[in-house]
Amino acid sequence: MLRFSSPSLARYGLVLICFAAIALFVAKTVRVETDFSAFLPPSATPEQRLLISQLRDGLVSRLMLVALHGADEKTLAQASRALAQKLGNTAEFDYAANGSLDQFAAQGEVLMRHRYALSPQVNAEHFAAPVLRAALEEQLDQLASPFGVLSRTTLARDPTGEFLATLRQLDPGARPALRQGVWFSADGKRAFLVAQTRAPGFDSLRQAEAMAKVRSALAEVYPQVTMTLTGPGVFAAESRRIIEGDALRLSLCSALVILAMLAFVYRSALPVALVLTPVAFGLLIGVLVVQALFGSVHAITLGFAATLIGEAVDYPNYLLLNTAAGETAHHAAQRIGRTLLLAVLTTVASALALTLSSFTGLAQLGVLTMVGVTVAGLTTQRLLPSLLGDRLLEFRRLNISMGANIAHTRWLGIIAALATLCGALWLGYTHPAWWERDLASLSPVPAPMRELDTQLRREMGAPEVSFFVASRGASEAAALQAGEEILPVLQQWKQRSLIRSYDSPTTYLPAPVTQAARLKALPDTPTLQENLRVALKGLAFRPDAFAPFVQDVAAARREQPLNRASYAGTPLGAKLNALVIELEGEWLVLTPLGGVSDPSQLAAALTAGKSQLVDLAQISSQMVEGYRYEALHQASWGALLILLLLTVGLGSPRRTWRVTAPIAAALVLTVSLLVASGQHLGVFHLVALLLVLGIGLNYALFFERPPADATERARTRLSLVVCSISTIATFGFLSLSATPVLHAIGATVALGALLSLMLSALWARPREAGTHP
């Protein structure tokens, strides 16, 4: 054990004051960001920018799906109506729909008022006497049928059926079953609502407020009913809650384990405090630099910051545990300084690929690692010896056999080499099947939440938009016209079963030129009255029965064109805002497609015009593969930099080989074991492997450093065991996180660090100081 004489209280008090000041500054100035698109690949093409736009603020991103259950059908229906009414009057939601016709009133009035601008039937011949006659005869047939209720309510105003023609265009696709007048699951055990939030899907704070509003609203009206919420906004809010909870809980667990281990090793509070000093300064200054460079610190970055505890704590442990009896900390720092410097530099170099990443989130992780490790290394090298001064680090003899008994057995080393060779051959044979291509792998949302969302969407018929037709234009009007031009093509696709459905916003917001042409085709009042008089001859209608129809046509001729504002406060208005968008100075009209059977054929059919098929799944896969290529390219440059640093620092290619070989083998075995366990390697596994590279090289460097005698070798191995335990414990706790990002990093680094320690120990060559490679 190390026993310390007390350092100067004034000197250490000054350090505590500085630490407290920095901590207070961090608490007051750091802004935590929770937009998870920071961990999505950057968008290099217009299609990729469209994908990110849709993920952040698209049609689906604002939808919150609500499932009510735990009561009988009648109670659930009543709860659905009450909840929809309450949510529709809140500041958090644009609308809440549950299938009830009562909710259709405001939107239906807009469609009824503007039916002549919306109906595709309207043209110059549509109001001629023969056409009117045929329409009136059809209305008589409808009135005599069981389905004549709607015709009876609109007949006087709309004998030509423009309102129904407009409704037929609004193909809703699949919808849940109606029971008690509201949406239900097929088994009648769940009532469904769809609510659109005003906050973007990525705004986790406001989404959490919206979720709280739904829960409180239901508790007010039907507290006995239980509820399930899902949707992108729910994902964002829940991910934030999980990440913050994991970051706090796992950081505390890591800190407690490390403190317990340090207390066991040092058996004194003072050296434990000294060990934690570089860690604390590294974390705080790292977070400050991230804030300064990026303007905010992502919540995942803060969760990841806990892992620096396990890495940065290594450097003071290397110093203190390698200090000989009767030796000052200054002398020990000079003696191991070259190895310590190389350890810091190689870790910084391994994080370089992250820092250069085009992912904002990954770049933050890289900067935090580089700055935190650098500050921890400098603090260890400069501050700790200064705090101790010339006081000796007195040893109470500690049983150091825990470090000395690391097996150095030739046959185990041979087995490890053969296992590495087999792993490399197997990975080469199965490549590239083990790479992850799904953008969902980058999501911080736990898999059970995604599975629940998929299940509820399937039952509700809610959109799972994978395919769009994107129609472009220099203005909103031009984009709408381009969207109209492909409607005949879409209808052909539907008839040929190439698609199941389409939902074009131009059906409820035609281009201004189309609206103008339809309204211009409306006859003046005298002409319409005469045509109507001729059409009514011999029919069972009163001569004045259609005066409201004549008045509506006259009003429509004076009507201003329909625009987005006409739908304000309705579900169609919210949908328009999501499907008619301006992106980088260009207007886009997005037409979601359902049930696409042959994407390649559809894409080929749209190559020549202003519209194109957008396959979001294909684009996301291309983005993931593009980033993987970028990450591997940058990691290769980082590896070359590490080799250069080691060759210069160690002064021998052979020594460089002895340091790098066990870590390269550890990386191969780590990847092999992950793939063998059924995992696909994604972006965050690459992040973790870069961390393994830095951590493992630290171990290998200290194993390679020639000791002066057997006692120093034992001290070195003790320090390596202590450091590896802290690292494996920290990342092991991180692997318990429910957040896929943190779990992937934690599991990979914990496994890689263990393998790095074992292989470095197995392949180390026992030499004394002064020997040459």
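Count begins at 1; order follows the chain as displayed.
Every residue gets a Cβ built from N, Cα and C, even glycine.
For the transmembrane segment (12-30), the residues of the chain that approach it from at least six positions outside its boundaries are 277, 280-281, 284-285, 287-288, 291, 296-297, 383, 387, judged by C-beta separation under 8 angstroms. For 12-30 (among others), the entry in TrEMBL reads transmembrane segment.
Summarising the annotation, TrEMBL assigns domain 'Membrane transport protein MMPL' to 180-389.
Marked as transmembrane segment by TrEMBL: 247-266 (among others).
The annotation transmembrane segment is assigned in TrEMBL to 272-294 (among others).
Sequence annotations record features per position, and here TrEMBL assigns transmembrane segment to 340-359 (among others).
Per TrEMBL, the feature transmembrane segment maps to 365-388 (among others).
Sequence-distant neighbours of the transmembrane segment (409-429) (same chain, 6+ residues past either end, Cβ-Cβ under 8 Å): 665, 668-669, 671-672, 675, 758-759, 762-763. The transmembrane segment annotation in TrEMBL covers 409-429 (among others).
Per TrEMBL, the feature transmembrane segment maps to 631-650 (among others). Long-range contacts of the transmembrane segment (631-650) within the same chain: residues 338, 341-342, 345-346, 349-353, 356-357, 656, 659-660, 683, 686, 689-690, 693, 697, 704, each at least 6 residues beyond the stretch ends and with a Cβ under 8 Å from a Cβ of the stretch.
Among the features that TrEMBL reports, transmembrane segment is placed at 657-676 (among others). Here the transmembrane segment (657-676) has long-range neighbours at 416-417, 419-420, 423-424, 426-427, 430, 434, 642-643, 646, 650, 685, 689, 692-693, 696-697, 699-701, 704, 747-748, 751-752, 755-756, 758-760, 762-765, 773, meaning same-chain residues at least 6 beyond its ends whose C-beta is under 8 angstroms from one of its own.
The annotation transmembrane segment is assigned in TrEMBL to 682-702 (among others). Counting residues 6+ beyond its ends, the transmembrane segment (682-702) has Cβ neighbours under 8 Å at 41, 307, 311, 314, 318, 339, 342-343, 346-351, 353-354, 359, 362, 365, 369, 373, 435-436, 441-442, 624, 627-628, 631-632, 635, 638-639, 642, 646, 658-660, 662-663, 666-667, 670-671, 674, 716, 719-720, 723-724, 727, 740-741, 744-749, 752-753, 755-757, 760, 764 in the same chain.
Sequence annotations record features per position, and here TrEMBL assigns transmembrane segment to 714-735 (among others).
Residues or ranges marked as transmembrane segment in TrEMBL: 741-764 (among others).
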Mean pLDDT across the domain 'Membrane transport protein MMPL' (180-389) comes out at 85
If one takes Cβ-Cβ under 8 Å and requires six or more residues beyond its ends, the residues near the transmembrane segment (741-764) are 39, 243, 246, 250, 300, 303-304, 307, 406-409, 412-413, 416, 442, 444, 658, 661-663, 665-667, 669-670, 673-674, 682, 684-685, 687-689, 691-692, 695-696, 699-700, 703-704, 717, 720-721, 724, 727-728, 731-735
